[in-house]
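Please read the structure below before turning to the comments.
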Amino acid sequence: MAALSDQLLVVAILGYLLAMICHAVEYAFGTRSVIGRAAARPERERVLVGAGVGAAGGSAPVVGTKLPGVDVPTPAGGSRSPRAVLAGRAAVAFTVLGAVVHLAVLITRGIAAERMPWGNMYEYLLSVTFVGVVGWLVLLYRRPTLRHLGLFVALAMVLLLAVAGLVLYVPIVPLVPALDSYWFVVHVATIAVSSGILLLGAVPAVMYLLRHGYDQGKRSFPYSLGARVPAADTLERLTFRLHAFAFPLFTFAVMAGAVWAEAAWGRYWGWDPKEIWAFISWVVYAGYLHARATPSVKRPVATWIAVLGFLTMQMNLYGVNIFFEGLHSYGGLD
Amino acid sequence: MSVDERGTGSEAAPAGVVEAEPPAAGGPGGVGQPSRVRRTPLPLALLRNSWRQLTSMRTALILLFLLAVAAIPGSVLPQRNINIENVNRYAVEHPDLFPVLDRIGGFDVYASPWFSAIYVLLFTSLVGCIVPRLRDHVRALRAAPPPAPKRLDRLPQHAVLTDSDGDLAAIAAVLRKRRWRVVVRDDTVSAEKGFLKETGNLLFHFSLIGVLLGVGLGSWYGWHGNRLLVAGPDNAFCNNLQQYAESKLGHQVDGSDLPPFCLELTDFHAAFLPTGQPESFRATTLVEEDGAAPRRESFSVNDPLRLDGASVYLLGHGYAPILRYTDRNGEAQESDDAFLTIDGNLTSEGVAAFPDVNLDPATGARNPDLQVAFEGLYFPTTPDSPPFVRSTYPAERSPGVMLFAYRGNLGLDAGVPGSVYRLDQRQVSSGRLKQIGEGKLLRPGEKWTLDDGTSVEFLGTRKYITISVRYDPGERIVLISSVLLLVGLMPSLFGRRRRVWFRISPVPPDGVSPADPLSPAPAGATTTSRSSLVEVGGLPRTEYAGFADEFDRLVAATRPEGGRPDGARDDGAPEDGAPEDGARDDGTHPGRARSGGATEEGTD
Ligand code: HEM
C-alpha cells in the first residue's frame, strides 16, 4: 500500500503536469479579446440570463432593474480558437484526474499508516495541496471563465508535489504519542483546509496585482502576464472571498491547536516557532481584511498584504520545520 | 465590507475611516468643525487629535504590522521562557552579540517593553475604536429605518411594480416575516436588515480584549513548576515550591497559594515500535488530595491529570538505575537517582553519589576522603559488544549500566551547588576525587567489587517521569473569548447590511424615467391598467454580490399573487455582482457625508 501510494504520487504529478501543458496551449492560442471579454463579463451574463427568464416567465412585472443593455449573452462569442477550447477542456480533465489520483495517494498512504495521513510534512503538504486543488475545481465549476488561472494552479501543484516527493518524503511511521489526539486531527485538518484555501487565494491575488499593473500601462515582464487574466475586479473580489472564507477557518484551526497544546504541553500558547508564525500570519491576514475594509487603503495595497500573508504561511509551512527547533518540529527532516 | 457610502454613524466608516485621512496641515482637530476647534485649548486639541490618530484604522493597521514584525525575532532567537539552555548556549557561541541583543530584550521578546508597547497601543486603539462603534450601533439598533430617498430609481436596485394592489401593510408584513426591520411612513415602507454584521464585528473585537485579559490574568495568577518523579513511595512528592526543580509563580501568587496534594508514581508504561519510535506512554499515580484517601489516577501525553487547582502534564520519561553500595563496614546503601536520557534510544547518564559511607565505626563521623560516587551510563538495551556508549533500543531488552567508580571528597560540603547528574569536575581535577580502576558494565544482579573490598551491585531500574504542574486561571476566559471571537467573526465577515424602500404612487410616475443611462425607463410602467404603482429601491450598504438576486426575490414576494416563484434566479450561492460594485464606485466617498440625512441616499 505504501509503495502504491508513492507510485500514485508520480501519476498525480504527471496529471498536473499535463494539465499545465494544456493550459499553456490554451493560453498561447486563446486570443486576448475573447478571454478578456468572457472573463470580465461572467456575472453580468448570468444576471442577464436570469432577468431574461424572469421577464419571459412572469409577464414582465419587474422592470427597470438596473442592468445594462439587452444584448444576448454570448459566452464564447468572437473568434475563439477551437484548439484553445479543446486544450482548456483537456487541462481541466487532467486536473480532475490529477486530483483523483492525488486523493488516492492520500487514502493509500492513510491505509498503509493506519491513521490520518497528516503525520509529517510530506503528508501534510499532500493534504494541503489536495485541499487547494479541490478548492480550485469547485471554483472552476462555479466560475468557468476563471479557467486561465489554471495554468498557475497546475504549476503550483506540480512544484509543491515535486517538493513533497523529492525533499520532504519520509517512510510511513505511526504518529508519535504527542500527536495522538483528537484535537490534533481537528487542528491539522482545519489548518490544512484553511492553508489550502489561502494557498489558492494567493493565485488570484498575484493575478490581480499583475492585471492591475497591466491596466495601469505597465508592460514589462511580470505585468505582461496580466494581459491574459480575468478582469482586475473579478480577481480582486475572488481574492477577498477566498480569504474571507479561509480566515475564520484558520482562526479556528489555531484555536484547536491551542486546545491541543494545553492538553499536550500544559499551556495553550507558548510562542513556539510554529505558534509565532501562525500568529504572524493571522495578524497579517487580519491586516488584509482591515485594509480591504478601509476605503482609504487602495485595493492593490490591500492585496499586497494578502500576498505577504501567503509568504508568512509558506514560512510557517517550510521555514519553521526546517530552520527552527521547536515542539512542532516533527517534520521528520532531521 | 465597508462599502457604506455614508456611514450615518451607525456602522462602518466611523472613526477609523473618517479619521484615517490626516488632518489638513497644522489644523488641529477635524476639518469639518472649525468653530469648535477654535474654542478648544491647544493642548486639548492636540490630545484629541492624537487620540483620533491612535484610534484610526490606519494606525490600527500599522500597529498590526508592527506586531507581526515584532513577533519575528522570537522565532529566530532562543527565548528564555521556552528554552533557557539554548539561550545560554547562544551566549557562549555569540559572546559579542549576546549582551547587545539581551539588553534590547531579544531573548524575552514577548515580555519586552517594545512588544508590550505595541500591543498596548493596539488595544488602546481598539478600545478607542470600538467603544464609539458600540454606542453608534446601539443607537442604530434603536433607530427606525430611515425615510425613503426621493429618487428610488437612483439606487443600485430599482423596480417598479405595475400589478401591485398597493397594500403597504401587506408589503411590510412580508418584509417582517423575512426578518427585516420595517417602518411604514405615509406612502412608503422603509426596511433595513443585516445589523448582525456590526454586532458580530463588535463581538469579535470585544472578544479580542477578553483574550488579552485572560492572558493577563493567567500570567498574574497562574503558576507552574517542573520536576522529575521517580517511581516508588519513597520518591512521592507533595506540592510545594521546594519540590520543584524549576518553577515560576505569577506576580500575584506566593508559595502558600499552591493547592495541597501529593503524588506518587506507581507505574509507567511506554510502548515502542520496532524502529524505536515511541508509540504510547501512560503514567499511573497515587494521588492524595486535601487529605482524602489516595486514589489511583493515570495520565499520559495529551491527557493530563486534572487536579483541584492544578493539572499535571507528562513531559518525558526515563530510567533511574538502582545501585546498592556496600561499604567497608558492611553497611549497604541504595541509590535510585534518575539518569537523564541523552538520545532517542534512551541512553541515560547520571551519577549515584554515596557521601555517607565508610563512616568511622566508632564515632559515626564522615570521612571526607572515603566518600564514593559512581558516574554511569545506562542502556535499556545494551549493545552486544563494546564500546558500551549507546543504547540500541529504548525499551529494556537487555539493560546494562556502565559504571565509573570514584572515591574521595565529593565536594558536597563546599556549598557550591553542582549538578546532581555530574560529578564535581573540580574535585576530580584537583585530585581530591580519584577514579578507581576502569569502567565496568554491570547487568542486573551483577556485583562489582572495588579495590578496597567494597562493592556495588546493580539491582535494576525504576522508571521516572518528568512532569509539569500548572495552574492558569485565565485559560477559561481565553477559551470563552476565543469562541465568542469566532462566533462574532462569521457575521462580521459574511453579514450584509442593506436597505429597501417601497413607495406607492397613485398614478404611474411619468417622471420616473431618468436621464441616467444605467437605469432605463421602466418599460411597461405606463401600460399598466392598475391605479397604484409601487416603486422599489434597494441599497446594499456593504459589499454584497447577491443583493440583486435577493432584491428581485423580495420584490416578487411582495406582489399580491406572490409573483414568480422565489428563487427563479436563485441558481446557487450569491455571485459577485457587477451592479453593486458600480454603485460603490459612483457613490460618495465613504464617510464624507457622515451626518447626511437618509434622503441623500445615492444622490451624489
Ligand atoms: C487587535 C487587533 C485587531 C484584530 C486582530 C482585528 C481583526 C479584525 C478582523 C479579522 C476583521 C474582519 C471582519 C470584517 O472585515 O468585517 C476586523 C474588522 C474591523 N476592525 Fe478590526 N481588528 C483589530 C483591531 C482593530 C482596531 C484597533 C480597530 C479600530 C481602529 C478595528 C476596526 C475594525 C473595523 C472598523 C472593522 C470592520 C470593517 C468593516 O467591515 O467595515 N480593528 N477586525
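Cβ from N, Cα, C; glycine included.
Going by TrEMBL, these are the annotated features:
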- A:90-112: transmembrane segment (TRANSMEM)
- A:118-328: domain 'Cytochrome c assembly protein' (DOMAIN)
- A:124-142: transmembrane segment (TRANSMEM)
- A:149-170: transmembrane segment (TRANSMEM)
- A:182-210: transmembrane segment (TRANSMEM)
- A:242-261: transmembrane segment (TRANSMEM)
- A:276-294: transmembrane segment (TRANSMEM)
- A:301-324: transmembrane segment (TRANSMEM)
Next on the checklist: With Cβ-Cβ distances below 8 Å as the criterion, list the same-chain residues six or more beyond the ends of the transmembrane segment (A:182-210) that contact it, or say none.
Outcome noted: 116, 118, 124, 127-132, 134-136, 139, 146, 149, 152-153, 156, 175, 222-223, 225-226, 229-230, 232, 235-236, 238-239, 242-243, 245-247, 249-250, 252-254, 256-257, 259-260, 263, 285, 299-300, 303-304, 306-307, 309-310, 313, 317
Item to check | Integer mean pLDDT for the domain 'Cytochrome c assembly protein' (A:118-328) | outcome: 86
Checklist entry - Does the transmembrane segment (A:149-170) reach the transmembrane segment (A:242-261), going by 3 or more CB pairs under 8 Å (6 or more apart in sequence)? => result no
Next on the checklist: Can the transmembrane segment (A:242-261) be said to touch the transmembrane segment (A:276-294) if we require at least 3 CB pairs below 8 Å and skip pairs under 6 apart in sequence?
Outcome noted: yes
Next on the checklist: Checking distant contacts: for the transmembrane segment (A:301-324), what same-chain residues at least six beyond its ends satisfy Cβ-Cβ under 8 A?
Outcome noted: 121, 125, 128, 195, 198-199, 201-202, 205-206, 208-209, 212, 236, 239, 243, 273-274, 277-278, 280-281, 284-285, 287-288, 291-292, 331, 333
Item to check | Distal contacts, the transmembrane segment (A:276-294) - CB-CB under 8 A, six or more residues away | outcome: 198, 240, 243-244, 247, 250-251, 254, 257, 301-303, 305-306, 308-309, 312-313, 315-316, 319-320
